[in-house]
Structures are given as structure tokens and as C-alpha cells.
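Input: a single structure, listed below in C-alpha cells.
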Amino acid sequence: MTIVRKTHPIMKMVNHAFIDLPAPSNISGWWNFGSLLGLCLIIQIASGLFLAMHYTPDTLTAFSSVTHICRDVNYGWLIRYMHANGASLFFICLYLHIGRGIYYGSYSYMETWNIGILLLFRTMATAFMGYVLPWGQMSFWGATVITNLLSAIPYIGTDLVEWIWGGFSVDKATLNRFFAFHFILPFIIAAMAMVHLLFLHETGSNNPLGIPSDCDKIPFHPYYTTKDFLGIVLLLAFFFTLVLFFPDLLGDPDNYSPANPLSTPPHIKPEWYFLFAYAILRSIPNKMGGVIALILSILILALFPHIQTGKQRSLMFRPISQFLFWLLVSDVLVLTWIGGQPVEPPFIIIGQIASVLYFTFILAFLPIAGLNENKMLKW
């Protein structure tokens, strides 16, 4: 008797990707975040679809339509908070996934890594546009400040900003187009995630030791489906604790006030998951320089495969690089904290030092540490 999953054209693809996929026998819980990101994307698309049924992308009614969802729609408050906190959960998993890739040297798979960086940019763009939609104070001013950064581009900057706005300020046209893009981008992200998986399955997964594992592979099901299921249960437990008990913990209180172009909030800041990049942007006094630093803070991830100097792929047996990696993680946390603080001493100088260290760790300290470890191991 032929097994359907091995012969049916569609089932065969699913089988090769999730059932009979040969996987290294020693991958740890840090490899769970790929499947958790898939779950987060499903939660976001599903909750977003239901929100879009009741939301109106119009400056006069956007804020009240969100209020209507929370007050009048059956379980609307739950759907709204699932979507808002789902974004935070998405970025938590995303940053842990990237951190694991850096720690264990997964950036050696160039195509997979580069598509991952494009996915990160797409996700950040989607989250930013989604943050504008409730049309609260921070939504409006966040959109104004961040889109205005494009005016730093020589010659075409001002025209480009007005083209994106659809007028001379953030208004109805801006909200409408942001809603359209926010709706379509998650489906593009889902398609790109499939390509990300396709390239990953061409090379096979990395493992904590960073060594070839072709001699010791096990089927993905039942071993890693069970392991992923445990990760999903833990993630959902954390997620619903956040949604049901602390729904506004990661939000901004200013967004409970309707957008008012005549009143500027005392401190404009994006959502918490962009604060590290926002701190780097603010730490450079020049507008153009700040925008370049902001883009490079993410784009620098693409350099990892090219500046890897260690003969060992993983940091598991490289104590100096391990120490520097955790200093880099601490530095990103400091930048996140600084991004949420007002622009005044001592936060300005702390942000500038942390920004310089961020680039120095990646471009200088980690490659030098790799060379030193090679010498210590007589390689």
C-alpha cells in the first residue's frame, strides 16, 4: 500500500518539509523559534483579518472604530489585544531567532540568512504601518517623525515624503495607503517565509556544535514536532497571560488619546521593539547621518558571513567570543532602554556610547576575538 503523503503532489511537499525531513539529532530549544514565528504570523493574519472587518481607515472615524471594536464587537477587545500583543510576541521571537543565528553561526547559510534579513525589514515596515492605524496621538506623531526621516535624502527627500503622505502632512490619504499596505504585507511575508524554508532545506539545519550532521540525522516527525508543540504551548501560555492580565503593558498610554496635529506629545517614540534602532538614530546629531546609522543598524546583519574569522562556526567552545556576544546583547538592551528615555543628559551620552559600541562589537571586537581564538587553538 502506498503512503499518500509520499505520493500525493501537495502532501509530498508537506512531507518533505515537516514529516520526513532529516534533522540533526542534537538541535536544542533555540531552534523552536522558527516554528513559533510561523505561529505568530498565523495569529497576526487571523486576528488582523477580523479587525479589518470592523476598522475604517479614515482620520475622522479610525479612532472611534477601534473603540467600537473594543466595546461593541463580540470579543473585539480580545481580538484587538491579541493583535497588538501578538506583534510584540512576534518581535521577541524574531530577535531570539536572530540571536540564535549569530551565536551558532547559522549566517553561514548565505541565501537563508539574507532572505531572513529581508523578512526582518518587511516585518518592521508592516509593524510600523500597523502602529499608525489606531490613529492615537503616538500613532500620528510616530508616523510624522519616522516618515519625515526620508526628507534627509538629497534632492528628492521632500518630494518623496509628500508623495508617501499623499499631501503636505500625515492625513487621510496616508492612513488609507498604510492600511492597504499593512493588509497585504503579511501575505508577502508568509510567501517569503516559504522561500526562507526552501533555502534552509537545501542545506539542512545547523546544530549547536556547528559541525556537519549528515551522519546523524533523525526524522522531523515525531521528534521535533513534539518539541515544537511544547514550545507552542509555552508561548501561548505566556501570550494569553499578557493579553488577559497585562494587555497594555507594552503599549503607549498616549495612544488612548485621539490624534491631534495641534498638540505634540512630550516624548515621541516608536513601539518598544524599534527603540534600539531609534536610540542609534537619535545618538547622531546630523539628520542624514542618523538615518544612515538607523538603516545600517539592521543591514549590518548582512555582514556577519563576511566578517566571520573564527575557524569554528559556533560560539559554543569560544569563550572570548561568547563573552563579547553577551556584551552585544546587553548593549542592545541598553539601547532599547535609552530609546524610551527623553533626549536629555545623561541619556544622550549613554546612547552615543552604546551606539558606538554596537557597531564596534560587530565590526571589530568579534572578528579580532575569532582570530585570537584561532591562534590559541593553533589553527
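Note that Cβ sites are derived from N, Cα and C of the backbone, with glycine treated the same way.
Taken from Swiss-Prot, the feature transmembrane segment applies to 33-53 (among others), supported by similarity to another entry.
Nonlocal intrachain contacts for the transmembrane segment (77-98), taken as residues 6+ away from its ends with a CB within less than 8 angstroms of a stretch CB, comprise 30, 33-34, 36-37, 40-41, 43-44, 47-48, 50-51, 66, 69-71, 116, 120, 123, 127, 130, 235, 238-239, 242-243, 247, 250-251, 271-273, 301. Annotation comment: Swiss-Prot describes 77-98 (among others) as transmembrane segment.
Other Cβ atoms within 10 Å of the Cβ of His182 (heme b b562 binding site) number 21 in total over all chains. Mapped onto three states, the DSSP output places His182 (heme b b562 binding site) in helix. Taken from Swiss-Prot, the feature heme b b562 binding site applies to His83, His182.
According to Swiss-Prot, the heme b b566 binding site annotation covers His97, His196. His196 (heme b b566 binding site) falls within a helical segment according to DSSP. All protein chains considered, the CB of His196 (heme b b566 binding site) has 21 other CB atoms within 10 Å.
Swiss-Prot lists 113-133 (among others) with the feature transmembrane segment, giving similarity to another entry as the kind of evidence. Beyond its flanks by at least six residues, the transmembrane segment (113-133) meets 48, 55, 57, 62, 87, 90-91, 94, 98, 101, 106-107, 139-140, 142-143, 146, 170, 174-175, 178-179, 181-182, 185-186, 188-189, 192-193, 195-196, 199, 270-271, 273-274, 298-299, 301-302, 304-305 of its own chain at Cβ-Cβ distances under 8 Å.
Only residues 6 or more beyond the boundaries of the transmembrane segment (178-198), in the same chain, are considered here, and those with a CB under 8 A from a CB of the stretch are 17, 37-38, 41, 44-45, 48, 52, 55, 57, 112, 115-116, 118-119, 122-123, 125-126, 129-130, 132-133, 143. The feature transmembrane segment is assigned by Swiss-Prot to 178-198 (among others), with similarity to another entry given as support.
Annotation comment: Swiss-Prot describes His201 as ubiquinone binding site, evidence class similarity to another entry. Cβ neighbour count for His201 (ubiquinone binding site) (all protein chains, 10 Å cutoff from its Cβ): 14.
The feature transmembrane segment is assigned by Swiss-Prot to 226-246 (among others), with similarity to another entry given as support.
Residues annotated as transmembrane segment in Swiss-Prot: 288-308 (among others).
Beyond the ends of the transmembrane segment (320-340), by six or more residues, the same chain brings 99, 102-103, 269-270, 272, 274-280, 282, 310, 347, 350-351, 354-355, 357-358, 361-362, 365-366, 369-370, 372-373 to within a C-beta distance below 8 angstroms of the stretch. Per Swiss-Prot, the feature transmembrane segment maps to 320-340 (among others); the stated evidence is similarity to another entry.
Residues annotated as transmembrane segment in Swiss-Prot: 347-367 (among others).
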Which of 33-53, 226-246, 347-367 contacts the transmembrane segment (288-308) most, counting Cβ pairs under 8 Å: 347-367
Around the Cβ of His83 (heme b b562 binding site), the count of other Cβ atoms that are within 10 Å: 21
Candidates His83, His97, His182 (binding-site residues) - the one closest to His201 (ubiquinone binding site) by CA: His97
Whole-number Å value for how far His97 (heme b b566 binding site) lies from His182 (heme b b562 binding site) (Cα to Cα): 23
Between His83 (heme b b562 binding site) and His196 (heme b b566 binding site): CA-CA distance (Å): 24
Rounded to the nearest Å - Cα separation of His83 (heme b b562 binding site) and His97 (heme b b566 binding site): 21
Cβ neighbour count (within 10 Å, all chains shown) around His97 (heme b b566 binding site): 19
